[in-house]
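Listed in Swiss-Prot for this protein:
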BINDING   Asp21, Phe22, Asn23, Arg37, His60, Leu61, Gly62, Arg63, Arg121, Arg154  substrate binding site
BINDING   Lys204, Glu326, Gly355, Gly356, Asp357, Ser358  ATP binding site
Amino acid sequence: MNKKTIRDVDWAGKRALVRVDFNVPLDDQGQITDDTRIRAALPTIRYLLEHGASVVLMSHLGRPKGKPNPKYSLRPVVERLFELLPEAKEVKKTEAITGPAAEAAVAMLKPGQVLVLENTRFDPREEPNDPAMAAELAKLGDVFVNDAFGTAHRANASTEGVAHYLPAVAGFLMEKELTYIGGALNNPQRPFVTVIGGAKISDKIGVIENLLGKVDALLIGGGMANTFLLAKGLNVGDSLVEPDSVPVAQQLMARAEERGARLLLPVDVVIADAFSADAQRQVVDVSDIPAGWRVLDIGPKTIERYSAEIRAARTVIWNGPMGVFELEPFAVGTRAIAQAMAEAAANGAITIVGGGDSVAAVEQAGLADKMSHVSTGGGASLELLEGRVLPGVAALQDAE
């Protein structure tokens, strides 16, 4: 990674204005159901406190549409942060985001203390990246730290705009994400295998196109595999399919051949007569999918083939489930991929789980800690895999 990080700053007596990603899931009572994103920010916050800084944290939560909404207040996050960060001398919260009240709260901060600003999306200027809001935020710190990889693909006032008004560096989480995903894409240990799943090919065209020039093998699963099977002239019954994307699938298969990348499709599938955990189900070869049935998972021969590819790889990136993993009978393929990746990692391969549903699948399987890296950013991971420059990263100072 060619950007400055928090290690490049002398923090003694400085105020660190840190964009974190505290966009955590809440239940109906406003209780946090998964604090992974809060925990992911702790190494950066701890480092800053240990090195004599006071820390001002900003984040969005949910989609409050540019106005205050108690449902999306960061109050529960502050309470959880207080529990997770006993070494902070104090964790304070302000109802303000910018302006005199926020500036007064920051002026009271002493080294070793933490202040959490209210949800940045309560301000209608946040998402349009209004320079006036960015300049107001910049008054709250001496150095801007971006540790919110999950929003690095969005040019908001608190992720990109503020970096034009303060020295800007990456936090440890941002650095880790860019080092793992960027390293795998730009300088992979080979064989380099990617596993791409999920429902729609249209969501992942850019990813597949970018990867075809880099990978040794691309393993396709999930609903998008049906569109590839249809493009090969196979009948997919009542399966989820995108007829409009058939020409794209044909182009991608041709491009894979041109570039010497092996694009592997399922050879057998688990089909059901309804979209339900209680449906009748059977395993068939992809050439034998009957009318009225739908593909809901990859089959055992495909699992064996894909698992062997993963275990033989030195770098693996996975994005998207292999089937309808939220229905227990159709989670087998997705779990098997997670297991094969854990085995590859145990043998010294770099294994990266790239955001979204794959992360949930790996966590459900209890294998998250067996991976080299589990990404915290769904959309941001996808854009990196597409080869795009992330605005929140581009705005940081280059390493010298």
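Cβ from N, Cα, C; glycine included.
Feature map: annotations from Swiss-Prot on the structure.
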residue : record                 : DSSP class
Asp21   : substrate binding site : coil
His60   : substrate binding site : coil
Arg121  : substrate binding site : helix
Lys204  : ATP binding site       : coil
Glu326  : ATP binding site       : coil
Gly356  : ATP binding site       : coil
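In terms of local Cβ density within 10 Å, Asp21 ranks first among the binding-site residues Asp21, Glu326, Asp357. A count of other CB atoms within 10 A of each Cβ picks out His60 as the most crowded of the binding-site residues His60, Arg121, Lys204.
Counting in whole angstrom, His60 (substrate binding site) lies 23 from Ser358 (ATP binding site) by their C-alpha atoms.
Between the listed binding-site residues, namely Gly62, Gly356, the fewest other CB atoms within 10 angstroms of a CB are found at Gly62. Each of the binding-site residues Asn23, Ser358 was scored by other CB atoms within 10 A of its CB, and the lowest score goes to Asn23. Between the alpha carbons (Cα) of Asn23 (substrate binding site) and Glu326 (ATP binding site) lies a span of roughly 22 Å. Distance between Cα atoms for Arg121 (substrate binding site) and Asp357 (ATP binding site): 25 Å, as a whole number.
Of all the binding-site residues in the record (Lys204, Glu326, Asp357, Ser358), the one with the smallest CA separation from Gly62 (substrate binding site) is Asp357.
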